[in-house]
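Presented below is the structure to which this report refers.
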Amino acid sequence: MLSSTLYAGWLLSLAAPALCVVQEKLSAVPSGWTLIEDASESDTITLSIALARQNLDQLESKLTTLATPGNPEYGKWLDQSDIESLFPTASDDAVLQWLKAAGITQVSRQGSLVNFATTVGTANKLFDTKFSYYRNGASQKLRTTQYSIPDHLTESIDLIAPTVFFGKEQNSALSSHAVKLPALPRRAATNSSCANLITPDCLVEMYNLGDYKPDASSGSRVGFGSFLNESANYADLAAYEQLFNIPPQNFSVELINRGVNDQNWATASLGEANLDVELIVAVSHPLPVVEFITGALPPVLRVLALQTQLPSSSGDFQLTVPEYYARRVCNLIGLMGLRGITVLESSGDTGIGSACMSNDGTNKPQFTPTFPGTCPFITAVGGTQSYAPEVAWDGSSGGFSNYFSRPWYQSFAVDNYLNNHITKDTKKYYSQYTNFKGRGFPDVSAHSLTPYYEVVLTGKHYKSGGTSAASPVFAGIVGLLNDARLRAGKSTLGFLNPLLYSILAEGFTDITAGSSIGCNGINPQTGKPVPGGGIIPYAHWNATAGWDPVTGLGVPDFMKLKELVLSL
C-alpha cells in the first residue's frame with residue numbers, strides 16, 4: 001500500500017507544472033514607450049538565456065587586488081582561462097532539458113548564452129508572460145513587462161533577453177549634435193582656430209600630447225563598440241585623415257551577434273561610429289583600432305575578445321534599465337577589467353536628467369543617472385566646453401547611482417565633495433531626488449561641445465560633439481599610456497579607476513568653473529519639452545575643486561600621466 005501511494009505521488013509530480021518565480025518585473029512601461037498591441041502567438045521570437053556566473057561575490061576583491069597600485073599583484077591581469085576557472089558559467093544541462101520539454105529545438109550556445117528561436121505563443125507559456133509590441137518614436141520592439149522561470153533554474157539563469165529591457169530609441173544616422181559645415185580645404189589647425197572648431201592639433205595642445213610618437217607594434221590597441229549595426233565608414237576616415245594631414249590608417253572590424261558592416265552611405269547608420277574612429281585616430285595614430293559591430297541584441301549579450309581599451313557612447317537612463325540587467329552588464333565589465341582591459345563610457349548628454357521621473361509606478365520626480373556609466377567597474381567620461389580654459393559643459397551627465405553603492409576607490413573623493421563643496425541645505429533638498437550613498441560619476445572628462453569637433457560624415461564636413469566625443473578622445477589617451485607602459489616592459493592599465501583616484505589624480509587639470517543642469521522639463525539633447533517630465537527647481541551640479549559630479553577628476557594632461565604610469 002505504501003509503495004503504490006509513493007508511485008502515484010511520483011507520477012503526479014511529473015504531470016504538475018514546475019513552480020515558477022518572477023525573475024524580472026517592471027512596475028511600469030519605461031518612459032517614452034507605448035503599448036501598441038499584443039503579439040500574435042504565431043509570431044516568431046529569438047531569445048537568449050544568460051547563464052549565471054559563479055563566485056561573483058569575489059569579483060570586487062579580485063579587482064581590488066589586481067588594480068590597486070602598491071599591491072604586489074598590481075597589473076598581473078588574468079587570461080580568459082583564468083576567468084573561466086575563477087568565475088565559471090553555470091551548467092546549461094537543466095536549461096536545455098527545460099527548453100527541450102517545451103518543444104524548442106532551434107537552440108545554440110554562444111559563450112555564456114543559450115540562444116533559441118520559437119513562437120510568441122510558446123514563449124508566453126514558457127515564461128508565464130505576454131509579449132507585446134511597444135513603440136517609441138520610430139522604434140517598435142517586441143517586449144514584456146515581466147517573466148518567470150522555474151524555481152530550480154534560478155541559480156543557473158541570470159536573465160532572459162530581450163524581455164523587459166526596452167532601451168532607447170535607435171540613434172539617427174548622424175550624431176544628435178551633428179551640424180553640417182561647408183567644404184573646407186586640407187589644413188592643420190592654428191591655435192586661434194581652436195576657439196571655433198576642435199581639430200586633432202587642438203587636442204594635442206589641450207591635453208599636452210606633445211610630440212609623443214606611439215609604436216603601432218607595441219601591443220596597445222583601441223577598440224570601440226558600435227551597436228544596432230552602426231558602422232564606421234572607411235572612406236570618411238580616409239577623408240578625415242587627408243583633411244588633417246594624418247598619415248593613412250584604416251581600422252579592422254569584428255562582427256558580433258549578427259552584426260553587419262554597412263559601408264553604404266545611403267543605408268548605414270554611422271554618426272556615433274564615425275565620431276569614435278575619427279577621434280581615436282586623431283589622438284592615438286598609428287595604434288591599431290578595432291570596431292566591434294553588434295546586431296540588434298542588447299549590450300549584455302556582447303561576447304568580445306576585447307582590446308586594451310574600449311570606449312562606448314551607448315547609454316540609457318538607469319531608471320529604465322532593469323536592475324538584473326544592469327548588474328549582469330556591470331559584472332561582465334568587471335571581468336573584462338580583470339583581463340587588463342580598460343572600459344570607458346560617455347557619461348551622457350542630459351545633465352542631471354531629462355525625464356526626471358521615477359519608473360516604479362509612483363511617478364515621483366527624481367534625478368536620472370545614466371547606465372552603464374554608473375557601473376563602478378567602468379570609467380565614465382563627462383564633458384567640458386570652451387577652450388583655454390575649459391569649463392564644465394551644462395549637458396554633462398553625472399550624479400549618483402540608484403543601483404550601485406559607492407565603490408571603495410572613490411570614498412575619499414566623493415566624501416570631500418559632499419562635505420566641503422555642497423551646502424547642507426542643498427544636500428538635504430537633493431536627498432529626496434538622488435542617492436548620495438551611490439556610486440558617483442563621471443570619473444574624468446574631456447572636451448564635448450562649444451566649440452564643436454570637426455568631423456567627416458557621408459563625405460561631408462560636420463561639426464559634432466557631446467560626451468560621445470569626449471569618450472573616444474580619452475580612450476585614445478589611454479591607448480597612448482598603454483603604449484608607453486608596454487614599450488617599457490610593463491602591463492596595460494586595465495581597470496583604471498583605483499589608479500585614477502589615487503596616484504593619477506595628479507595628472508589631471510581640475511575643472512572648477514561651470515555646472516550641469518537638467519530636470520527642467522527640457523531635453524538638453526533636442527531642446528524640446530519632455531512630455532510628462534519631472535520638474536525639480538534649481539537642479540544642477542557645480543564643478544568644484546577636486547572630484548565633482550559634472551567633470552569628475554578633470555581633464556587629462558598626457559605628459560604628466562605618462563610619467564606617473566611609468567613610475568608604477
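Including glycine, each Cβ sits where the backbone N, Cα and C put it.
Pulled from TrEMBL, these are the features on record:
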- Glu272: active site, charge relay system (ACT_SITE)
- Asp276: active site, charge relay system (ACT_SITE)
- Ser468: active site, charge relay system (ACT_SITE)
- Asp510, Ile511, Gly546, Asp548: Ca(2+) binding site (BINDING)
- 197-568: domain 'Peptidase S53' (DOMAIN)
- 1-20: signal peptide (SIGNAL)
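Remark: Gly546 (Ca(2+) binding site) has Ala413, Asn416, Tyr417, Asn420, His421, Asp510, Leu553 as non-local neighbours, by Cβ distance under 8 Å and separation of at least 6 in sequence.
It is 20 Å from the Cα atom of Asp548 (Ca(2+) binding site) to that of Ser468 (active site, charge relay system). Gly546 (Ca(2+) binding site) carries neither a helix nor a strand DSSP state and counts as coil.
In this structure the alpha carbons, written CA, of Asp276 (active site, charge relay system) and Ile511 (Ca(2+) binding site) are 24 Å apart. One way to see the shell of the Ca(2+) site is to take the Cβ centroid of Asp510, Ile511, Gly546, Asp548; the remaining same-chain residues with a Cβ within 8 Å of it are Thr512, Ala543, Thr544, Ala545, Trp547, Thr551, Gly552, Leu553, Gly554. For the domain 'Peptidase S53' (197-568), the model gives a mean pLDDT of 90. Here the CA atom of Glu272 (active site, charge relay system) lies 7 Å from the CA atom of Ser468 (active site, charge relay system). Distance from the CA of Glu272 (active site, charge relay system) to the CA of Ile511 (Ca(2+) binding site) is 26 Å.
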